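Sequence annotations record features per position, and here TrEMBL assigns active site, proton acceptor to 62. Annotation source TrEMBL lists domain '3-deoxy-D-manno-octulosonic-acid transferase N-terminal' at 34-212. The domain 'Glycosyl transferase family 1' annotation in TrEMBL covers 311-400. For 132, 210, the entry in TrEMBL reads site 'Transition state stabilizer'.
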């Protein structure tokens, strides 16, 4: 009954969904493409001769997290093509760089029964690996009916999300009962998932794929080259910033410049469609910014460098002295703090960090991360760390050590994939 109501409401919302895509398409042409794919029409270019191993990762962050897994699956199963689905154009662009010639990619269909059926009829996956919390009731129901094994990978469930899902328990419990195996990031995630209806015997803690991020072997060298091009000036990065944050960050940078007049802010907005908007904001505050997308290098009198490119955050972290990670001064739960920690940079975050609560607690306990309440505190903290290279280095070393100690989720997930492909079901623990 609940799923029927959900499906009816989703059907009524379809015109609004496509109107939203059309509006986004006015600013981002990529949103005007692939509408047929969103209705389940798998293009011939995305079909495989043999049933593929299907991996779904919603957007850029999730695609980055699964990059080591994709490479591992390609090594472990060389004769099995991969089908990689995403939800956003930016995620699709990021995913394209991970695929072999025999692999395919497309958009995930909307969660309408017809769209899901068309997609599954054409894709014919041997196994579905769904990354993080893409809990689509009609998709999971269709996978269950077709007896396609499902692996819910890197699963997380914050206390806030659990409270929201609890109000929809009759809808969400069958979804969580579908996967053959659920690999949770942490004990708290596993407990909340079982409370919401996941069978306890199918849930295990496997760690977080984001700890296994693959950094280029020449990252330190390239970071040093970029840093040298910026000149001998203090430099900090505000990464993955969201709407409503940049004003605070620019105010914090004004505070920093009172002590370090030549300080440089590398500002990297989360979403490409906001690059020009943020450039205008910088222009209003400090004058014309240098823009990385144009190959520009900031002059000595330019206090802000707009990092308006995709896929370069590790390089930018390597070129900076310390990192603030956005989505956290506004109530959006924060972004991935592991990348700067893995690069060995001191990490600062705002108070909203529920998306990465376990990770931020661990980094904080290790002395690798500090939380600030607002723009004033951010300005003071950045100033202090730029003034104290020993403290900055100690924080960076602690973060890199913690990341190294928690690697391994990719191997555990790859082992589960192999087990399911071999037997049709993941191994159960005794009594599970």
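From the backbone N, Cα and C atoms, a Cβ is placed for every residue, glycine too.
Taken residue by residue with DSSP, residue 210 (site 'Transition state stabilizer') is part of a helix. Classification of residue 132 (site 'Transition state stabilizer') by DSSP places it in coil, neither helical nor stranded. The separation of the residue listed as 'active site, proton acceptor' from residue 132 (site 'Transition state stabilizer'), Cα to Cα, is 8 Å. The Cβ neighbour count for the residue listed as 'active site, proton acceptor', using a 10 Å radius and every protein chain shown, is 24. Between the CA atoms of residue 62 (active site, proton acceptor) and residue 210 (site 'Transition state stabilizer') there is a gap of 9 Å, rounded to the nearest whole number. When DSSP labels each residue, the domain 'Glycosyl transferase family 1' (311-400) comes out as 49 helix, 11 strand, 30 coil, counted as helix, strand and coil in that order. Looking only at the domain 'Glycosyl transferase family 1' (311-400), the predicted model's pLDDT averages out at 96.
Long-range Cβ neighbours of residue 210 (site 'Transition state stabilizer') (same chain, at least 6 residues apart, Cβ-Cβ under 8 Å): 65, 154, 336, 338, 359.
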